[in-house]
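Working notes, beginning with the structure itself.
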């Protein structure tokens, strides 16, 4: 494909030169965003002692944003503001907006984060909540949306789901005294393939339509990097009377999303990958507005709302401190909150999101498409397909993938290649038995880094 999303993805012969990569960087309108991050140095990633960043002037090549994003420079500033608030006014931080702080008072802080995240996932602010972590949020959403009956009890899911998703779904099926072997349906690719076609998913939906209560898929498959057609799959599953949920761990802050317009029922994501909010950072969830309504037609003391597991922080602020044990949920996703969220975690999240507030997912996606296409172009050069010591198991179609390319090495190569990359100061992710996952991130990676990575990677393969 020579063009995608209005971006030219065709490269001339001279594109294989270091000078061409540098020319792409010089014309990159997003290049300045790299200065908003602390890129680990080669000396730091090799060191076994705790040290301040910048042990050496030469930065590593960090292509591991699909596992953990690097630290925004704003994080320290936001954390310091939060610690100063706590130390200077104590409990007053819950209700006081301090002049000069980038953060709202604590009781409004989750809304600050949700507002920024809503732009990233294509939702209304009230459809998003900043809370919990990914699997915890999936459990809460499954508790509300998975309502099995004697006839409709199956959940359709990815054949190679991230283990935590698998455990969560399996446990909810068992919680309802059902047999996961009967109620879990795994959708996999054709024999010898890695990509699951949309038509294959449709065929599973049709086959199990009378028995399936839900389909829950990853927006992007973590192992292969495949981006599923969320809009088409959601619409098709709805036509077969299924609830549709999405795990957006690898899609959040990576690709453009329009969860509201696509009529997705629910979704959850982590924020520490492409979102750069820090290890184990607070997650997010989406509940479509149709499921977040609160109906007071029967009276102020008799609200009707979607059944869910409840906690005091999901209660409307107007009644939150009345302590009368009459739960009145916040309309929207906020009503799914359980406990008072960590203001420290929210500071890290808001710091990371402040970077996204300065750009758009459309602009980031345009650069990402070209960055990953350039990576693919350089990787495939100089090899005949039958002699290439690796294959790319990520879809060739740029619209069917995010930033990541998954490189499946021939048997016996992984350990040596991984060691050579590490010695060269390259950080990327390996998955047994033979996959290297490479994810150039548009916020802080460059075309020159892609060029250097490919050269070192190919040298490692030859050794």
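Just so you know, glycine gets a Cβ as well, placed from its N, Cα and C.
For the pyridoxal 5'-phosphate site, Swiss-Prot gives 134, 135, 162, 163, 164, 165, 247, 250, 272, 340; the one candidate out of 86, 175, 312 that the record lists there too is 312. For the pair residue 164 (pyridoxal 5'-phosphate binding site) and residue 273 (N6-(pyridoxal phosphate)lysine), the Cα-Cα distance reads 16 Å. Its Cβ placed at the centre, residue 134 (pyridoxal 5'-phosphate binding site) has 24 other Cβ atoms within 10 Å. Between the CA atoms of residue 134 (pyridoxal 5'-phosphate binding site) and residue 273 (N6-(pyridoxal phosphate)lysine) there is a gap of 12 Å, rounded to the nearest whole number. Here the Cβ of residue 340 (pyridoxal 5'-phosphate binding site) has 13 other Cβ atoms within 10 Å, regardless of which shown protein chain they belong to.
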